[in-house]
Amino acid sequence: MEKIGMLPILQVSDDIDGLILSRLPQNVTTGDDLVNLLQPATIAAAGTPLFAWVILVLYGTFTPGSFLERLSIKKSLSELTFARNARLDILDVIRVIAIFWVMINHTGSEGRVDVLDRLPSAQIFKSSIHEHPLFGALLGNSALGVEIFLVLSGLLAAISWLRCADQPFWSHYFAFLFKRWLRLFPSVAIFVFIAAGPIMKVLLPRYHTTMISACGVSGIAAHLSFFGNWQETPTCMGYLWYLGLDMQLYVAAPFLLHMLHNCPRKAFASALLLASVSAVLRALYCIIYGVCNKSDVDIPQSRITNRLVDEKSLRTATEILPGYKTEERTQTAECPQFVRRFGNLIGV
């Protein structure tokens, strides 16, 4: 066990390379060799499956009634623009706010060329942002935008789980996880295929050098298995850490939701206790390491929050409570739409 500052850090074995390589042909000797073996070698090879997918989408778009119609661009646009009068339609507005919050921070504070190249001017710029009394807490901290996504994930996961809460736990649990996996894994796998392959190496060499060159087999496997937030620094495509955390929370949340359904008082007490521990941990990270008003990506010892106990994981225990209350109360009487929207906003 290693200590950084005052907090112990658990050392997680990173011998996945050796475990996998021991079962490969003798000419494959390193993690990089394995990645090169599995990845397409040319842009043409990498682009072939993408081109085939485009053909399928276009075929489904222009052939109504076919099996591939579900891939139709027209159908997707219709679903995106279809007006729904749902109780939680206000969440779309909150999603947009969170997206812009994260984008603004990463474009200015994290996406500048001098920041990526770690030039002296980068530290001057980041200090001027983080030390500002207003912009430091907002533009300098994209983690707060991420918190909104975590709240929404907990809210919607709770609603999804509680609709079938009376089913046997384990069958419902694995069905719930499989649905969540289907929502996350395909997009992650496609992104990793594109980002780590020759397409980005040719089109965005700077990106490949700073984000892909240190991946190896363990980095790719970490993202595909949703353990990307447990990587050591320097990270491989570190901005995907949220997806790993999100899936891990989906794995843990049903236990609290099951408790909420069967013994609400104990569950509420447990959630509040976990939230209190989360607040204390975050305060300790802030004070001890001087990372107040900073995104988690700025923390030099980023493995602190990833290795020990992720304070976000604990805080998410309270983020499923609004979803529980929303699904628990059946609306027997109509109330004005603006009242429902305001209530949802306050709850989130």
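From the backbone N, Cα and C atoms, a Cβ is placed for every residue, glycine too.
TrEMBL entries are annotated by machine, without manual review.
The domain 'Acyltransferase 3' annotation in TrEMBL covers 91-286. Residues or ranges marked as transmembrane segment in TrEMBL: 134-161, 181-200, 207-227, 239-260, 267-291.
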Three or more CB pairs closer than 8 Å, sequence separation of 6 or more: does that hold for the transmembrane segment (181-200) against the transmembrane segment (239-260)? yes
Give, as a single whole number between 0 and 100, the mean pLDDT over the domain 'Acyltransferase 3' (91-286). 81
